[in-house]
Amino acid sequence: MRKCILAMLLLRRLKRDKVMEFYCESCETAMCLECTKGEHREHVTVPLRDVLEQHKTQLKTQLDAIRNRLPQLTAAIELVGEISKQLTDRKNEAVTEISSTFEELERALQLRKTALINDLENIYGAKQKVLQAQLSTLLQGKDHIQSSCSFTEQALSHGSATEVLMVQKQMSERVSVMARHDFPEQPHQNAHLDCQVETEGLRRSLQNLGVLITTAAVGHTSVATGEGLRHAATGQHVSITVTTKDKDGELVRTGNAVLRANITPVADGSRCVTEPEVTDNKNGTYEVVYTLRSEGEFSFALSLYGQPVRGSPFRLQAVKPSDVLQSPDDVKRRLKSPGGTGGHVRQKAVRRPSSMFSTKKKENPIEDELIHRVGTRGREKGEFTNLQGISASSSGRVVVADSNNQCIQVFSNDGQFKMRFGVRGRSPGQLQRPTGVTVDMNGDIIVADYDNRWVSIFSSDGKFKNKIGAGRLLGPKGVAVDRNGHIIAVDNKACCVFIFQSNGKLVTKFGARGTSERQFAGPHFVAVNNKNEIIVTDFHNHSVKVYSADGEFLFKFGSHGEGNGQFNAPTGVAVDTNGNIIVADWGNSRIQVFDSAGSFLSYINTSADPLYGPQGLTLTSDGHVAVADSGNHCFKIYRYLQ
């Protein structure tokens, strides 16, 4: 600003001295006739009046463009001001609520104090009444004895023979009675009267009393994903996922955001046809489920704290299920779940298009490549029949549980066969149906044996060392080792997770059959992250659940579907060095990558050699992703960009 003022003053001074009649287009400045012959003699100059109108018009156009932004800024100021006012109101309401709550607690404490003191006085009074009555009896007895003794001693000391003989009989009887009298010499009460007030638990509760709930989520950066934003089949449950973000586009990793969803027909927008159900996954993502009963075009509105989510409202087309476009790959055959022995009949893994309404291929934000494909169907070394679990060691080996061949096969990171061990049988050291496998920090190979109902431990060269879990496990599937050396076994049949010490002593177990946070429906594989948290794939509940090291539920993510972050029966799971969670999506024949809070990040690109029912997952010592491709009877290693 100061430079502009100085320039204007200088220009006015020059105008007083010389007339500015020309304009240099190269230098974009006004000048006098003398200057056109001097320093600007080689520049293109035009009369100043010729460019004046042009510049005026240009400035007016720019001015109009700026002025046109004023209504937008005014509206933004009103909106932000209104949110600021709402925030102040919420703060004042919270202060009032906190104050009234603690005043009520103070009253409750005072009432409890009064009640305790009253009870104390009552107990004290009752005990004292008994003791005082006993004291009175004892004092009275003492007085009688002292009186009798004094009278008798006086008679003996100072009485005449006649007087002694006269009172002898009377005093003898009195002394005999007093000697035989049973006085209450033992206390009829005790002095026990303590007050125990357990304050430690209360203090801890008070330290954690009250939670301030808020998020930094805003609508214009938060995103919604899933086919259910655009298409739906009538009469069917459809779900989409909303991932909340802050003003900088960073993922919000906590729940409790106020998310609203409604669907209205375009032809009659005033009538809401359905009230979608919003589920808070407590990790910054939300699942929105709805069902449309009629065909037509609808407006699907998603708002976060009253502001539209990016792209909202969405244009939603509902059609009959029979009108949904199908491709041959969309035809789903049914069979039993992988590696199981009964019960649940699920869809067979097929390679399908990313959308049930379109066969257009999705773009993958991470362009990874297939490095190695190892194995074919068979029973020889390097061949597989229903391989399931897979694990990698820090020494550069890949260990595979070859389930139907009842053996364990070991390879190098580049796919070279190294060794094979295992004999079919039901005795210790034998394998009946090996499913999960992991390698501990000592290099020992730990194998979950589904049909033998135990976990076997082998040395790095395949020699049997021990078995654990016998008599407790019903059908172990996945297995992992935590940072404390504990062995974590996922019991697929019992729908629970067991944590053992390496010697087989049970540390704890959690889980049961069901759909709630601490329940499972056919859990498959397990991984442990750098926080020692336990990550379990819940096959028939189409989700991944995360627990603390001692089994406390933390959060879950995923829902049934084919969209980003959705699953059709997840199986293998692994965690990279950044805490990102990699999940094998068995029914959708793909691998998805999530951040540590369960927000979808990307896919592993497997298009060069498509998967067919992937199961176990692991990260090799050189940072690549290895997956047991059970339907193709091989394992594959993909370059993984963290």
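Residue numbering: from 1, along the chain as shown.
In case you wondered, yes, glycine gets a Cβ from its N, Cα and C as well.
Annotated features, as they stand in TrEMBL:
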COILED    49-76  coiled coil
DOMAIN    1-48  domain 'B box-type'
REGION    329-362  region 'Disordered'
REPEAT    214-318  repeat 'Filamin'
REPEAT    371-414  repeat 'NHL'
REPEAT    418-461  repeat 'NHL'
REPEAT    462-503  repeat 'NHL'
REPEAT    507-550  repeat 'NHL'
REPEAT    554-597  repeat 'NHL'
REPEAT    598-641  repeat 'NHL'
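Here the listed stretches are 462-503, 507-550, 554-597, 598-641, and the one with the most C-beta pairs under 8 angstroms to the repeat 'Filamin' (214-318) is 554-597. Taking DSSP states H, G and I as helix and E and B as strand, the repeat 'NHL' (554-597) has 0 helix, 22 strand, 22 coil. Same-chain residues lying 6+ beyond the ends of the repeat 'NHL' (554-597) with a Cβ under 8 Å from its Cβ atoms: 225-228, 239-241, 243, 251, 253, 281-285, 287, 289, 337-338, 346-347, 349-352, 354-356, 366, 390, 478, 517, 524-531, 533, 535-540, 542-548, 603-604, 606, 610-619, 623, 625, 627-628, 631, 638, 640, 642.
Here the repeat 'NHL' (371-414) is broken down by DSSP into helix, strand and coil counts: 0 helix, 26 strand, 18 coil.
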